[in-house]
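Sequence annotations record features per position, and here Swiss-Prot assigns substrate binding site to GLU122, GLY262, ALA263, MET264, GLU265, ASN266. Positions annotated as Zn(2+) binding site by Swiss-Prot, on the basis of sequence analysis: HIS298, HIS302, GLU321. The active site, proton acceptor feature in Swiss-Prot is assigned to GLU299. According to Swiss-Prot, the feature site 'Transition state stabilizer' maps to TYR382.
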Amino acid sequence: MLAKAKYRKDYKQPDFTVTDIYLDFQLDPKHTVVTAITKFQRLNNEATSLCLDGHSFQFSSIKFNGEPFSDYQQDGESLTLDLKDKSADEFEIEIVTFLVPAENTSLQGLYQSGEGICTQCEAEGFRQITYMLDRPDVLARYITKITADKTKYPFLLSNGNRIASGELEDGRHWVEWNDPFPKPSYLFALVAGDFDLLQDKFITKSGREVALELYVDRGNLNRATWAMESLKKAMKWDEDRFNLEYDLDIYMIVAVDFFNMGAMENKGLNIFNSKFVLANPQTATDDDYLAIESVIAHEYFHNWTGNRVTCRDWFQLSLKEGLTVFRDQEFSSDTGSRAVNRINNVKFLRTVQFAEDASPMSHPIRPEKVIEMNNFYTVTVYEKGAEVIRMLHTLLGEQGFQKGMQLYIAENDGKAATCEDFVSAMERANNLDLNQFRRWYSQSGTPELLISDAYDEKTHTYRLTVSQSTPPTADQMEKVNLHIPLKVALYDANGTKQMLQHNGELLSDVLNVTEKDQVFEFHGIYGRPIPALLCDFSAPVKLDYDYKTEQLLGLLKFADNQFIRWDAAQMLFAQELRRNVVRFQQGEALEISPEILTALSYVLNHYEKDIELATLILTLPKEMEFAESFKTIDPDGISAARAFMQAQIAESLKDDFLRVYTHIRLNDYQVTQQDIALRVMRNLCLTYLAYTNLGNNLVQKHYNNANNMTDTLAALSVATKAALLCRDVLLADFEQKWQHDGLVMDKWFALQATRPDDNVLEIIQLLMDHPSFNFNNPNRLRSLVGSFANHNLKAFHNVSGSGYRFLTDVLIRLNESNPQVAARLIEPLIRFSRFDAQRQTLMKRALERLSVVENLSKDLFEKIEKALQ
């Protein structure tokens, strides 16, 4: 196929805009009639034609100012109206279209989810409903009338406030909604269905009462309470921290089972993947609870950073997403453990985003070129985008950052803005030059800091030499110097933190790295210090400093920055694993350093000082986390070395793990920071003990005694990964209990996909026919196929190529039904350059097979083309 790219530099204001749109939906899963009456306003007096976006529906009729209109041309993607004889500055167009929601497997536009009907319009889904100027810089007021069978669809929901309703004689009913705030078409939403409803209210700081409504499938009401409490907590936090108050009279959330993304921030009517709404102790883990709280907050925070201030064009996506991810991370940090949240965010960034930076899909947080916009809802735009916002916060401080936020909101409320508008507001509010900092928006790749040091004993001077570079990426060969905030601390041999000073003046602990090579000098340092570099992960960069084992052991023991203590452990683990991978490749015996075992024993035996941090330090990095530290990934070597280290740590510290495991006792399940920390530590001890002779009996007992899903899944997970004798019995028991609950079965499918068995692929292929598996449900696909391709390093990358062929078969099938999900699942295949020549050949062969598929979607074409070029 020949897919046309769009470029950021080509942005032009529209010739026309939309001021108001009236939508009438006559809903039926097999035949929905949509009437759209749209008021247009001319912006360019020279324009003689109006091109409206639209596809995937049956076009019925068009009227211009109430009269039939025939001066138009259609193609597969648009409707172009000839207006050379129509000079009015304002006019009205009425378009009627027919849709079949039941057959829309792409889950974009209007589609059937279970027994209900809903929409997903971001980024370009509205054009699958009717013809429209489907671009984010066209903001209009919406009135929506929905008519449907009352028995089947008792709830009819859309954006804004309910203004009217009624019943018809034929058993149908209707509801009309008015959203007074102009919004782009991607924020339109509609839901029709039969739900259980949880109602609550929130009183804003100005005294307004907001009705809160949370809709879930019948029978799930007891799993909705946590989501509602999370929403109220987020609304209060946004008022307190950002001084932002909700603006409508009602806020609705609907949970649906068939959803491509996590959730969608449609104005006043959020539509959520049920995974991020439903929770009770029997069905959801601690991680599920925390994820729900975070995603609920993220979508709510979009009300201001995304909806009230939206994006001018999709190249500016990080304007709303990077900022809102930063805001939801801060919410989680303020309401939970800041250190735990920071460390978990960094783990994800280093494993997933750094890999994307090094892949054929490398792009800046503000991309320059796009074929399929859905492909740029990426960890770079979201998570790296959030890191760029965080660096601004580090440079400006909380007070300066909030000054910039207030100016940004004041200047852009009700508008479609750009990344430049945001940086400019920060700059002007703080009287600071951010010209060099702007390069973070336009430069792709992961910067690297090469750091060396020297100590002058005579003058008590310590020097850090910092060199920055960014390796060439697939989209950019030439790189420039960035403004990198490098947060540091210095410790003496006894663990005492040194004052940072130069010529008698105190220095900030944030060093501004702006040149290719810079030297930072510290005076009054008595004795060669141990440097703590990149405290709190102050910039999304890779660090190259030759840490000695004893330095890392020192930081692990006495650093007062929790991130640094954890990161020291990560570096110790990585050093040990790299040595063992070399031994594995050379056929030598594997071994583990006694110093590491001693250090881990110390952390374990003092865990009560900081339970959460101790657990994070003691957790062995996953295979994919280790893989990121290798230029060429050896799946077999990494898998063997990690398994050896896990077993050795378990055996060496068995008595300590057993003592802590036995000591921790919890009664009734509660989602509190303290209880979560204790459960995580206890289950970590269980994980290690599973690799000792105590494992089978202990894990089986843990599973049988569990009174919550966190403990149940911990036992089931380690039984599977350690291939214990009890594994099959426990897996069968879990399946029998939960086979009718798709979300819970997702956990089971994911465990099956990551089991270490040689025949795991055969097991997965059989599970594709499991009664609980549905190929058209993205959650099921991600749990089984996605878990295998992304988290079973050794099996997916088997040298036979069987894993690659399996994924290719799935992608060919998905290309027709849901190309957006296909484009997510293809990611492990396009990163072939990180592997050896044999595996590269097999992965390229799989991509070449995909490239010749008939009617290849733009979603897949873009990624395959970039990978193979």
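Glycine is no exception: its Cβ is also placed from the backbone N, Cα and C atoms.
Predicted, not measured: the structure shown is a model, and the values here were computed from it.
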List, in sequence order, those recorded positions among HIS298, GLU299, GLU321 whose Cα sits within 10 Å of the Cα of TYR382 (site 'Transition state stabilizer').
-> GLU321
Once GLU122, GLY262, ALA263, MET264, GLU265, ASN266 are set aside, which residues in the chain still have Cβ within 8 Å of the Cβ centroid of the substrate site?
-> GLN120, MET261, ASN270, ILE271, PHE272, GLU299, HIS302
Are any of HIS298, GLU299, GLU321 (the recorded positions) within 10 Å of GLU122 (substrate binding site) when you go C-alpha to C-alpha, and if so which?
-> none
Just checking: which of HIS298, GLU299, HIS302, GLU321 have a Cα that is within 10 Å of the Cα of ASN266 (substrate binding site), counting only these recorded positions?
-> GLU299, HIS302
Around the Cβ of GLU265 (substrate binding site), other Cβ atoms found within 10 Å total 23
Running the recorded positions HIS298, GLU299, HIS302, GLU321 through a 10 angstrom C-alpha radius around ALA263 (substrate binding site) leaves HIS298, GLU299
Whole-Å Cα distance, GLU299 (active site, proton acceptor) to GLU265 (substrate binding site), is 5
Does HIS298 (Zn(2+) binding site) have same-chain partners at least 6 apart in sequence with Cβ under 8 Å from its own Cβ, and which are they?
-> ALA263, GLU265, THR324, VAL325, ARG327, ASP328
Using the Cβ centroid of HIS298, HIS302, GLU321 as the reference point for the Zn(2+) site, which residues of the same chain not in that list have Cβ within 8 Å?
-> GLU265, GLU299, PHE301, THR305, GLY306, LYS320, LEU323, THR324, VAL325, ARG327, ASP328
Report the same-chain neighbours of MET264 (substrate binding site): residues 6+ apart in sequence with Cβ closer than 8 Å to its Cβ, ordered by sequence.
-> GLN120, CYS121, GLU122, ALA189, ASN270, ILE271, PHE272, GLU299
For substrate, with binders GLU122, GLY262, ALA263, MET264, GLU265, ASN266, what's the maximum Cα separation in whole Å?
-> 13
In whole Å, how far is GLY262 (substrate binding site) from GLU321 (Zn(2+) binding site) when you measure between their Cα atoms?
-> 13
Number of other Cβ atoms within 10 Å of the Cβ of HIS302 (Zn(2+) binding site) across all protein chains | 26
Other CB atoms within 10 A, centred on GLY262 (substrate binding site) = 14
Cβ neighbour count within 10 Å, max among the recorded positions ALA263, ASN266, GLU299, GLU321, goes to ASN266
Any idea which of the recorded positions GLU122, TYR382 has the thinnest Cβ neighbourhood at 10 Å?
-> TYR382
